[in-house]
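Here is what Swiss-Prot says about this protein:
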type    : residues           : note
BINDING : 297, 300, 343, 350 : [4Fe-4S] cluster binding site
């Protein structure tokens, strides 16, 4: 962890605690048409199985609002009780009022101050949602987005800034507008009677440096629980790297209580990728452990064979597949470290440092693969069945070390 931890209020969302000293929570969002109950339930189940601890769904029209209670019922049939967050823009006050069962079924409401209402209607419509949240004992995320920022507030801050002797840059004013919108909305929610421990706030942008600057300032100005993430991270490597860099820096500084990685999925790619990235960020920072880690070398001229890459892939896939049952049977197995190395240079050393590791022969080396367990050489594998034999050794290690004594 970093040199300090941003102490915040603790907010209960369904059965999940966010903020305070609680672990950083992984969130995700569906991209199905919410009124299609079957498809939405299927995707929520997949996201939850992948490790999402809270799932947000779009509630944008009456058919979506009417579907929410049915979605919750169907999830319960699968013994899935993941908290669902309703994502409201423009008409949340109307939908929550007209569909009280939707308001009851959701675990949290998300409001965007930039489009909850306009002109004289803004405060009234915001207040309607807050009062419904209070009546149903639900928390609220006040989520400000760069792309839908309150234009009246922004114009006012620009005018005030232009009158200053040493005006701020437009970028700094945008940062100020994001924070002001979030904090003023949160303050108004409290004035309406919503408790501080029912409020989570976020100020999302799409650029790494902007996100870091905004949240560093936001964390100094409040003690609300903070939802962290780029509002649109992008696709593929770009989206993953941008999210890992920005979230990693802030989390290392103790800023952020729950995260979502807003990736643009590649065509036909699983929605669960965003959950995997969240978990990898937290695990690589040492903040959470979800699944055994696999250390493997990148390969070089010494590792002319592709076998070490194939074995690494097989081991990783095996661990991921087994974790669904292992996490219930073997307490602590998620912290296990496995090494699959490709030659004698770093192979034995990395294998000894892992809980269990294998050092495969590189180019010109003897065709044998020593296996190290808890820092000591335990086996020597050779022949055509090294993959199967090593995976069997891993299985036995898990049972012996993490099984109930």
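Note: Cβ is positioned from N, Cα and C throughout, glycine not excepted.
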Beyond the site residues 297, 300, 343, 350: chain residues whose C-beta lies within 8 Å of the centroid, for [4Fe-4S] cluster: 298, 299, 302, 303, 308, 341, 342, 345, 346, 347, 362
Local backbone state of residue 350 ([4Fe-4S] cluster binding site), from DSSP in three classes: helix
Under 8 Å by Cβ from residue 297 ([4Fe-4S] cluster binding site), same chain, sequence gap 6 or more: 303, 308, 341, 342, 343, 346, 347, 350
CB contacts for residue 300 ([4Fe-4S] cluster binding site) [other CB atoms within 10 A, all chains]: 12
Cβ neighbours of residue 343 ([4Fe-4S] cluster binding site) where a neighbour is any other Cβ within 10 Å: 23
Packing count at residue 350 ([4Fe-4S] cluster binding site) (other Cβ atoms within 10 Å of its Cβ): 20
